[in-house]
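Copied over from Swiss-Prot, here are the features:
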type	residues	note
BINDING	Lys34, Asn35	phosphoenolpyruvate binding site
BINDING	Arg104, Asp319, Ile341	UDP-N-acetyl-alpha-D-glucosamine binding site
ACT_SITE	Cys128	active site, proton donor
MOD_RES	Cys128	2-(S-cysteinyl)pyruvic acid O-phosphothioketal
Amino acid sequence: MVCESNNKSYLKSQNLKIIGKNSLRGNVKISGAKNSALVLLAASLLTDEKIILDNVPLLTDIEKMGNILKNLGVKLHNKDHQLIIDSKNISIQELPYELVNGLRASFFCIGALLTRFGKASLPLPGGCNIGERPINEHINGLRALGAEIIIEKEVVKAKLIKKKSKLFGANIRLNCPSVGATETLIMAASLAEGRTIIENAAREPEIQDLCQMLNKMGAKIYGAGKEKIIIDGVQKLHGCSHKVIPDRIEAGTFLIAAAATSSSITISPVIPNHLEAVLNKLEESGSKIEKKGNSISISGKSIKAVKIKTAPFPGFPTDLQAPFMALMTIAKGTSMISERIFENRMHHVNLLNQMGAAITVDDNTAIINGVKKLKGMNLVGSDLRSSAALIIAALISENISHIYGLEHLDRGYENFEFKLTKLGAKIIREVDGGIQTKSKNSSEIHPTKNLDINFNVA
């Protein structure tokens, strides 16, 4: 059983045609957080009662995760941005590789399935090609909880140790604050017997969102957002309603786009505390920031060079490293951006240089000498965030750019070009050299809302 989408596939021939040098102005509605929604979908497997999720973003990654759940026998019903999940009648089976390929979040299911049913079998996950993202921390942690795990032919097979009816609490110290491992172990420990303590845990807002939903379901989790998380296992979790937090990465991307184009926009809803590191660097680079309730306004001015090192939350997020580098290409002076999370996340450097940027890379540090202008090019984004960086670069470039590789963009940005166009950008999605959607006024450029997920089919 699979879901149906208005777009059956994302053709590599699709591209965004972008006319640069247009300022942005207005308000942007920020979607629900992709990285939160994905793990919350996995967490729904922990109960046989219904979970109602609101503010779910319409993204291809959400579509893929929904297909994974449906393959397990989960019933899904969605309307707009609400998703009702019924995991009562699950059939535990090995998921086909083609279903999980390209979606690293699929591996989140292993902790939930293992702790609820005593076994799980998943192919090794995929995702963006941005370097090694090993699952050693996940596996070592699950073993500490009492799981027996083997890897055969790229498939991870987990089960309870013989004579044990469930997982048992343990003290676990992560070698690094892995977000995925922290989330996987929290889910597994929620139904384990006894207390689990995770030290050196990741502190990201998405983890806090997961723990908030699990506690609504009856879990006993303490310390979310801190380096030490305590989970007292319970016998059973029940259903709940939960609203996905706003996407801080999407929010940051729009703020960076406004700064790059010397524009004034307001984004909402957002949680400003989730964006402190980004806001600090935007202010340092010359933008004026105003926070009011659940909204942030930015006024871009002359751009100054800054130094950035990516770091786990509350540090500067690695997912905004590429977009911020696009901003720094036209900054006054020399900027330095060091990537400290992933060892191979500089694919966008060569692409930005083709547009006229002056960037060199030494190990995992990019040195950006600001230039006066960029030029429009035809380029292919290599991953989700590099695609966003190229779009920002195209917005500030002279002439016209065509950005390909939209299958990456649509994984993580809901109606990205539609939102930009409402702000005044000149963007249209083309397919095979033709316009996918036209406005009544041919002089205007309007993109398509490119994904309409429908899980309400057998």
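Note that Cβ sites are derived from N, Cα and C of the backbone, with glycine treated the same way.
If you measure from the Cα atom of Arg104 (UDP-N-acetyl-alpha-D-glucosamine binding site) to that of Lys34 (phosphoenolpyruvate binding site), you get 12 Å.
Less than 8 angstroms from the CB of Ile341 (UDP-N-acetyl-alpha-D-glucosamine binding site) sit Thr310, Ala311, Pro312, Thr318, each of them six or more residues away in the same chain. Long-range Cβ proximity for Asn35 (phosphoenolpyruvate binding site), meaning a same-chain Cβ under 8 A and a gap of 6 or more residues, is found for Ala105, Val179, Glu204, Glu206, Asp247, Ile249. Of the listed binding-site residues Lys34, Arg104, the Cβ environment within 10 Å is emptiest of other Cβ atoms at Arg104. When the alpha carbons of Lys34 (phosphoenolpyruvate binding site) and Asp319 (UDP-N-acetyl-alpha-D-glucosamine binding site) are compared, the span between them is 12 angstrom. There are 23 other CB atoms within 10 A of the CB of Asp319 (UDP-N-acetyl-alpha-D-glucosamine binding site), with all protein chains counted.
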